[in-house]
Amino acid sequence: MGSLEKQKLPLYFGQPQPQTDRGKRGVSAMAILRVVTAAILSLVLFIVYLPTVYTSPVLARDRQHSGEAFGEIQAGKLGAVASESALCSRYGTDMLEKGGNAADALVATSVCVGTVAMYHSGIGGGGFMLVRAPDGSFESIDYRETAPAAAFQDMFENNTDASMRGGLASGVPGDLRGLEYLHKKYGSLPWSTVLQPAIQTAREGFTVNEDLIHYIEYAIAEDGNEDFLCNDPSWAIDFCPNGTRLVLGETMTRKRYAGTLEAIAKQGPDAFYSGPIAEAIIRAVQLANGTMTMDDLRNYTAVTRDTAQIDYRGFTVTSTTAPTSGIIGLSILKILEEYGDFFAPENVNISTHRLDEAIRFGYGERTLLGDPFFVDGMKEYQADILNQSTINEIRKKILDYRTQNVSVYDPKGLESIETPGTSHISVADYTGLAISTTTTINTLFGSKVMVPETGIVMNNEMNDFSIPGSSSSFGYIPSEANYIRPGKRPLSSTTPTIITHQANGTLFFIAGSAGGSRIITATVQNIIHVIDQGLSAAEALAQSRLHDQLVPNQVAFEWTFDNATVSDMRQRGHNVTWMELGKSTAQAIRVLGDGGFEAAGEPRQRNSGGVVV
């Protein structure tokens, strides 16, 4: 990464104060300001990420890629990885340089992220993955955590805290089964090879960086300032090895986790789902009042789901279906597709309003989504969401001059949960193999259950289910489609997306986000920035974001958002509020016309990074 001084952007550090409205500016002045701002942010991003990208030609001679020699490939055209850890992105591209492909790079990066960003991700969690094969076909892999066999609909009635912390909060982890499925079908390097960088990092240690410090402090503050990382011996081994919490710049090791990963590298993922590691997991979960059993672990499988596609301004946008929210992201884009000159400089204000209105209708539709294996008619409902007649009906309801009451957007329940413990990774290689995956342990540090013998952080994904009788303070009841059932997978906001050129099917953009209910809005905005505004991957991620999830009835703007546009939104009747930077985070790759790659890490995270080789 760049020098510390160059990284000191005013991101999430400290509580940012909302700017006051300055009134409407002239269109030309606003356009100039946006161009200048984008240029400055792009320059900062270039400086920050420069050390992670080769700047001189690299030749890949005589290496093997999926069994075929691929000759000489110039720097920037072999492949790319973007994740919340520049270190892990580098490990991913190392796999490409060893002759591996995007699948190998994804596994190496993901396991590494779970090692150094254990507050977001890890083998105690799960996720969703969208894969675009070299032949142009798509596959959606669901490795989401699953409700244990003993789970039941009312298990958290009058005890919602148990869905957040402790053994009952954990769903059956799917992370390794998802990575295993990907690697067996698409990977080319040995399984043990792709896990080795994470093993070495866990054993030898990694630097305590700004992001780790930030999320530790955030999690402790949310926990009533109880320092569980030092007070709980199973956590303290790693976080407080000398009796005090590690500080910025010190080296952190996770030796127990290294041993766990080494066993999985040698024996395969089965070592996690049966045997001593599995027994330790069940023991820890049950000691924390959980009901998960060895059978729950043994019976877990990753499943494939349908994908969904739309055409958007000359591109094909592909995403995942329920229990993800990919269909909602596609719906928002399809509603907006017919607006001409969308986000042209002279149309920024009206475009922002139309974007927000489309988002509000999308979140109204989301309330009926759930696991298709348990909710009848889910396939038909999702098809109806993207049906042109549905899109036309919504377009007719959008008023350019004002926003409307929540009831107009037809929400059937409440499913907009805060889940900051999530991480996104985007990967692509020169063959056209591309992967967009979002992994999670749900909230920061998951259920706060650390398996003492293994160093595994357990998820609290059960909190993503709806809890009957716990209607929100906004008056909306939970979504019945997302009630708990044994073996069911909870609804997720994840929206992994891959965009190809409509004319020839070649890769264009690999996108996705983390940040709970803000995932959908962040992903949609980044797509608009790249397609409608023609921005680079880094420029797109640097743009200020808004978020509206319909309930609560407000639109939140990052404090860097243009004040003239915010003022205009107020005049159209929107309830405006502010949010600090970093509530959503994204990682993206753009494929250039000459076959080169751009990879951008989230600028709101200090230690993210996109790497191109």
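Placed from the backbone N, Cα and C atoms, the Cβ positions cover glycine too.
Annotation comment: TrEMBL describes 1-23 as region 'Disordered'.
The transmembrane segment annotation in TrEMBL covers 31-54.
Around the Cβ of Ile441 (L-glutamate binding site), the number of neighbouring Cβ atoms within 10 Å comes to 33. Residues annotated as L-glutamate binding site in TrEMBL: Arg144, Thr440, Ile441, Asn442, Asp464, Ser492, Ser493, Gly516.
With a 10 A radius on its CB, Thr422 (active site, nucleophile) counts 28 other CB atoms from all the protein chains. DSSP classifies Thr422 (active site, nucleophile) as strand under the three-state reduction. Annotated active site, nucleophile per TrEMBL: Thr422, in sequence order.
In this structure the alpha carbons, written CA, of Ile441 (L-glutamate binding site) and Thr422 (active site, nucleophile) are 6 Å apart.
For the L-glutamate site, whose binding residues are given in the record as Arg144, Thr440, Ile441, Asn442, Asp464, Ser492, Ser493, Gly516, the maximum C-alpha distance rounds to 14 Å. In this view, Thr440 (L-glutamate binding site) is surrounded by 31 other Cβ atoms within 10 Å of its Cβ, with every protein chain counted. A coil conformation is recorded for Ser493 (L-glutamate binding site) in the three-state DSSP classification, outside any helix or strand. Calculated from their C-alpha atoms, the gap between Ser493 (L-glutamate binding site) and Thr422 (active site, nucleophile) amounts to 10 Å.
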